[in-house]
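Note sheet for the following structure.
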Amino acid sequence: MQAGGGGGFFPRGRPRSADTVRLRKRKSALYSAAPGAGGERGPDLIGENIYLVLFTITLRVLNCFLVQTSFVPDEYWQSLEVAHHMVFNYGYLTWEWAEGLRGYSYPLLFATIYRVLQLLAKDDVQLLYLCQLCSWFTWYCCTRTLTNTMETVLTIFALFYYPLEGSKTRSSCKYLTLVALAFIIRPTAVIPWIPLVLWHFWQEQKKVDLVLYSYIPVGLVTLGISLIIDRVFFGEWILVQLKFLKFNVLQNLGTFYGSHPWHWYLTQGLPVILGTHLPFFIHGCIQAPKRYRIFLVVVVWTVLVYSTLSHKEFRFIYPVLPFCMVFCGYSLKQLKTWKKSAITFLLLSNLLPALYTGLIHQRGSLDVMLHMQQLCNNSSNQSWASVFVMMPCHSTPLYSHVHCPLPMRFLQCPPDLTGNESYLDEADIFYSNPLKWLNEEFYNGTLPTHLVFFSVLEQEISSFLALNGYEKTATVFHTHMPQGRIGSHIYIYTRRVK
């Protein structure tokens, strides 16, 4: 979670206005053709893969419609909100963009989509694949606009070209390009690839050629493109990847947004995102041949590196999920007579959490924006309406979901970069005494017409609401598992016009 600086009703700080499928042959038993096939792929396999592609497309389209909840603030604030600001020239940029910790390469993808929409407005492998498809966490994350999602997608494509023993699609230049793109989008993407790149270099006989014709050209071109893009939008030369690594890894300032014990990824993070795939992953690790050990090294290495950082989130280790699925797929192959039962179990056991997290859990953050968007439908509302979101910072998206320059403010939580140990952000100060904060903030000041907050706050600020003529006009469900500052519902209070 991130935020920008602010104060008063309007935030201060940085100026703002209000796939042809390509099949590959393998020599190992896992990927070999059926007995009697002579090692050649027949027309039946082609037909099967056509249906697999159609099934995948249908499933992912359905996935898009059945994920209507929010996960973490970054899926909006580091992608959609930035892209919206790039195209429409109004909105809000968080403090990272003022500090140059983030790059515009990833938001540019969505900015392009926004621009197109704006114009339109104007006039074995199969088992591995199955494991990945039915993973509840893949379902939950794969359609979201998180940089972690794009990092995972690029990792999957890069693995297709990685020079693994027996691979017929190996291409050093292609896989390194995809890894470099992932690094540009999210610098920590390099973590799982460190052992893979080192292993490739160790195995490569023409090491000098690899460095001169792959490493250096790919690195210079991708980094150069990133520098140019950020130069255009920042207005100055800046290496955001270095600043990102310095902030999140070297200085470990992410602890400002929460910290967990060192073992969290081992005891909670990885088991949760694997879900019912966990026993198959363990079984696959035991049964898998030596050629796959490098993938297990990647999983262990990545989890251990991330464990050294205090700030931990489930999405941070999402990119290791495809590596885990290699072992899950191999496990299913070894089950033989129990294979169909195991596949059925995985599908059914992942269906409920996928649907629940995609349709119900934390959906209020998005549903409440539909109410805010209605204020934009009537042009007369924009002249007098204003919104104050009194929730933990970045609990909702903003202009990327409203699409009009409606005055909106939220509680902010930028970290202190000066080393002040007693620093409290605006959100912390507010929640320490909400009623006092409101009375002081709006003493003889202009009150917002609409207040948005979690239900846990209602009783504590009831006197302020009554005194200033606010009435509850909407109740939006958010979650069945409220905790701390997060309530089960989101309330919208509207001030009566006298």
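All residue numbers here begin at 1 and follow the chain in the order shown.
Even glycines carry a Cβ here, placed using N, Cα and C.
Sequence annotations record features per position, and here TrEMBL assigns transmembrane segment to 175-198 (among others).
Annotated transmembrane segment per TrEMBL: 210-229 (among others), in sequence order.
What TrEMBL lists as transmembrane segment is 262-282 (among others).
What TrEMBL lists as transmembrane segment is 294-310 (among others). Sequence-distant neighbours of the transmembrane segment (294-310) (same chain, 6+ residues past either end, Cβ-Cβ under 8 Å): 164, 191-192, 194-196, 199, 248-249, 252, 254-255, 259-260, 262-266, 269-270, 285, 288, 316-317, 319-320, 323-324, 326-327.
Tertiary proximity for the transmembrane segment (316-332) is limited to same-chain residues at least six positions away from its ends with a CB under 8 Å from its CB atoms, namely 30, 124-125, 127-132, 135, 137-138, 141, 148-149, 151-152, 155-156, 159, 188-189, 192, 265, 269-270, 273-274, 277, 280-281, 283-285, 287-288, 292, 295-296, 298-299, 302-303, 306, 339, 342-343. Among the features that TrEMBL reports, transmembrane segment is placed at 316-332 (among others).
What TrEMBL records for 344-361 (among others) is transmembrane segment. Cβ atoms under 8 Å from those of the transmembrane segment (344-361) belong to residues 63, 66-69, 130-131, 134-136, 139-140, 275-277, 280, 479-481 of the same chain, restricted to positions at least 6 beyond its ends.
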Which residues of the chain, 6 or more past the ends of the transmembrane segment (262-282), have a CB below 8 A from one of its CBs?
131, 135-137, 303, 306-308, 312, 314, 316-318, 320-321, 324-325, 327-328, 331-332, 342, 345-346, 349-350, 353
